[in-house]
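As recorded in TrEMBL, the features of this protein are as follows:
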type	residues	note
BINDING	B:K7, B:F8, B:G9, B:G10, B:T173, B:D174, B:Y179, B:R184, B:K209, B:V210	ATP binding site
BINDING	B:T47, B:E74	substrate binding site
DOMAIN	B:264-346	domain 'ACT'
Protein chains: 2
Amino acid sequence: MARIVKKFGGTSVGDVDRIRNVAKRVKKAVDEGHEVAVVVSAMSGTTNNLVGFCREAAPLHDAREYDTVVAAGEQITIGLLSICLQEMGVPARSFLGWQVPIKTNDTHGAARIEEIEPENIEACFKEGRVAVLAGFQGVSSDGRITTLGRGGSDTSAVAVAAALKADRCDIYTDVDGVYTTDPRIVPRARKLDKVTYEEMLEMASQGAKVLQTRSVALAMKHGVRTQVLSSFEDKPGTLIVGEDEIVEQEIVSGIAFTDGEAKIDLRGMKDVPGMVSRLFRPLADAHVNIDMIVQTAASRKGETDITFTIHEDDLPRSQKMLDDLELGVRRIDYDTNVVKISLIGVGIRTHSGVAQRMFDILSEKGINIQVISTSEIKISVLIDAAYKELALRSLHTEFGLDAFEDKVFDV
Amino acid sequence: MARIVKKFGGTSVGDVDRIRNVAKRVKKAVDEGHEVAVVVSAMSGTTNNLVGFCREAAPLHDAREYDTVVAAGEQITIGLLSICLQEMGVPARSFLGWQVPIKTNDTHGAARIEEIEPENIEACFKEGRVAVLAGFQGVSSDGRITTLGRGGSDTSAVAVAAALKADRCDIYTDVDGVYTTDPRIVPRARKLDKVTYEEMLEMASQGAKVLQTRSVALAMKHGVRTQVLSSFEDKPGTLIVGEDEIVEQEIVSGIAFTDGEAKIDLRGMKDVPGMVSRLFRPLADAHVNIDMIVQTAASRKGETDITFTIHEDDLPRSQKMLDDLELGVRRIDYDTNVVKISLIGVGIRTHSGVAQRMFDILSEKGINIQVISTSEIKISVLIDAAYKELALRSLHTEFGLDAFEDKVFDV
């Protein structure tokens, strides 16, 4: 007997029929003798509707009232799922955030979970019942409903698993696991059986979109074994675990990419102290996230070039800010026709020469590298967007990530 | 400065624009210096949708989970109304049933309010804020969400007014007050400025449909001055008050009618002890409500006739039960082509001859009375449905209830 937390997102509970399917998945685990807590999101579309109502009521609205409104979505799902489970003969009861309680701080709209008291859920298990929990929501110390922000249900599930000391946290999604890269672009992409928290963190933040970054960080912190699997097919997914659980470590586990980057080149900037700070301060104040940065050594004229990337959505207001700054640079170029490609793998830490091999492969294909940045387990390069598929496929093959021919992903 | 509770139903908060109109009504009372608590229902249609989901999930479902699902409707409205009020510069905060708390028993789906702690709402008033409360819902002693049953928001409002010792409870509806009778049938029907709790109780249960019977009984018990008024027009409605507040008492305040009656005649029943009990027992067991009953004196043959009325929806199963009983009566007749007409007025208690005058008026118009029943403040007769309009209009005129010519209700 194991203790398992299962999380189903909005599409998996999109209507009553789908909720019934979720109930069947849960029943299977119960029939196998497990203690099960289920965390669910709002039925797909519901949250957007509720957010729409709030915006219609007032463009700028009290986040406490917003939370009260949008938390209604998950409330509907937990009741319906409990009814479906009971109808199948599986004893179940629903818990709202405040009923668990899932205690959060009072940063409404983006609250952080501070504590989850496991007693009520454990009492529910003792009575032989499935606990059906509302994801995405909690309660503040002054008794008001809070929400964790978009995608917060993943975080709820992992936090509940940590509080219950669960054996596993299953996150059901519309994909069947974590792939070496996006199979829509690289047909030979392979589903990973296991991936480390660190790698998954890089993949999530690099756009793999399977799992919210925040929930992966939480799983890592508490050592929650987390599985990403399909809510529509009944087969194992990808387990996200500690490095110690992975025996045969590949050097590179996956290749991520980010499309929405914009590159800004400043040519001929005076290389004087404080210049970089003067450049980035207003962007930071305006919450523009700066991703990759590279600065050339100063020329004999005392001039330097700086290249950095931001999200392309931030480009228009960043352009305006840079113009207003009057930096006295020779030229500013903007380019949204770029893509960031990242090799990810805990093996990168221990194997030298991975970056060199990456550069060689790209060079052989005639792909120019515009910016490079590296972390302990990741090497990212910025290239012309036109070369995205070529770069991804070449790197995927050369780093030994391709699936066997007969397992080619069917697109 | 007065303390006022205002209640707005589903149609009044049907969309964000209408919620904004409600906010304007509330703002007006705040600007006049009053302390205001607002009780709202779910946006029209929402509750029906949620009930539909529950039925789709399972025809017979756990009432606790049903309550969790349907209570989401009011949760959405209170957040949106608070946002609209704040947008107009009126400080406001929302309260769910458990946040007030509105404590109920655990009869889920039809819970009774046991206690409302006024402290949190009073603290809200002290901070100069409007309290926006979810109607229809409460919390049981074991911390689960309960609902009061359909139309429960009226009851919530009156109970909150009682707990807050409010000066008045305003119930906004789609009619502008309580009329002497249905103006769609009697164009000269007149809006009443005041009506007593007792009369309103009779009118509500006789089909006036303006206010839930339960909420009127509660208002009477706690002496809550309750006003029924239009949510679309800005003018006074009808005040429901104690008898002492009504100086000039009419003998008859209103005339109600009930369409959905069915009459059952049993002819030639043996007049032996226990026969009536044997007749009504199975109906009572099946929760068939018996309304009017009349029994003739036994004939020389020791036979009696019994006539009684039930709701026409209960007729098919009642027919079956009566057939199964094998009462040995000579004949059973069923008739749904009847209507019950009731004169209502606290004056009936002190004025003799009202019934006689009613019978005379009907007789003059050639209307045959099939069954009569009376209470302290009500005289009801069952007549052929074809005479409904004639009876209502004649009685309305003869008992002096007609509006002045120039105030004729425009239909």
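These residue numbers are counts, starting from 1, taken along the chain as shown.
Placed from the backbone N, Cα and C atoms, the Cβ positions cover glycine too.
Since we're looking at a predicted model, the values are computed, not measured.
Counting only same-chain residues six or more apart in sequence, the Cβ atoms lying under 8 angstroms from the Cβ of B:G9 (ATP binding site) belong to B:S41, B:S153, B:Y172, B:T173, B:D174, B:S231. Here the domain 'ACT' (B:264-346) returns a mean pLDDT of 89 for the predicted model. According to its DSSP assignment, B:T47 (substrate binding site) is helical.
B:E74 (substrate binding site) is surrounded by 31 other CB atoms, counting those within 10 A of its CB over all protein chains shown. Counting residue by residue with DSSP, the domain 'ACT' (B:264-346) contains 26 helix, 31 strand, 26 coil. Taking only the Cα positions, the spacing between B:T47 (substrate binding site) and B:Y179 (ATP binding site) is 28 angstrom. Note: B:K7 (ATP binding site) has non-local neighbours B:V38, B:V39, B:V40, B:G135, B:S153, B:D154, B:S156, B:A157, B:C169, B:D170, B:I171, B:Y172, i.e. same-chain residues 6+ apart with C-beta under 8 A of its own C-beta.
The distance from the Cα of B:Y179 (ATP binding site) to the Cα of B:E74 (substrate binding site) comes to 29 Å. According to DSSP, B:G9 (ATP binding site) is assigned to coil rather than to any helix or strand. Following the DSSP three-state reduction, the secondary structure of B:T173 (ATP binding site) is strand.
In the shown protein chains, 21 other C-beta atoms lie within 10 A of the C-beta of B:T47 (substrate binding site).
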